[in-house]
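Before any comments, here is the structure.
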Amino acid sequence: MATAAFTPWILGLTGGIGSGKSAAAERFVELGVHLVDADQAARWVVEPGRPALASIVERFGPGVLQADGQLDRAALRQLIFADPAQRKWLEQLLHPLIGQEIFSYLAKAQSPYAIYVSPLLIESGQYHKTQRVLVIDAPQELQIARTLARDNTSAEQVQAILQAQLAREERLRHADDVLVNDGDLAALHEQIDRLHHFYLTLKGGQP
């Protein structure tokens, strides 16, 4: 008799800018969990030669390309943050393509559960394709301070990004688990280790 194919359950991991999603994701990887980041998938679908990049250039012009033909993400970001209609168009183009890349990749995972990391997990509706949602949460002033320390950006740009993202309360409403990341890295790792051991006991993301 053939053995049934192994299929991991999928944990959606999300949080606002500067909440600590990347640090949390790194710890899960250290623990052996198969993970894909929406930002990685977003880069895959706009590589030179892919249809999505051609559509973006047709919409916004050649100014969104670097000299080597790669997408100039900073130039595109400036165009869409000031224009909600353009941002919506871009999201409608990319989200289905990114979802296809992500869930094809996650289906091949060999860990008991796999993680999909996305800042837009709720807004895009992709959380419907996960079995459980983990929200990384942090006070807004800490989100701003972390982002300013990490990125070459202004406080005004960070505020604009925060305002464009889903309201914190709405994100938390969709959470099965909440990790408050308001301490140091060791405290974050301790919380993740506990969650990981809990997740290993779940079947299909449920107790």
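Cβ coordinates come from backbone N, Cα and C, glycine included.
What Swiss-Prot says about this protein:
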type: DOMAIN; residues: 10-207; note: domain 'DPCK'
type: BINDING; residues: G18, S19, G20, K21, S22, A23; note: ATP binding site
(request) Would you please pick out, from the binding-site residues S19, S22, the one with the fewest other Cβ atoms within 10 Å of its Cβ? (result) S22
(message) Name them in sequence order: residues not among G18, S19, G20, K21, S22, A23 whose Cβ is within 8 Å of the mean position of the Cβ atoms defining the ATP site.
(response) G15, A24, I136, A138, R146, N181
(request) Around the Cβ of K21 (ATP binding site), how many other Cβ atoms lie within 10 Å? Please give the count over every shown protein chain. (result) 24
(message) Need the DSSP three-state call for S19 (ATP binding site) to compare against my parser.
(response) coil
(request) Only counting partners 6 or more residues apart, tell me which same-chain residues put their Cβ under 8 Å from the Cβ of A23 (ATP binding site). (result) N181, L185, L188
(request) Just jot down the residues in the same chain as G20 (ATP binding site), at least 6 apart in sequence, with C-beta under 8 A of its C-beta; none if empty. (result) I136, A138, R146, N181, L188
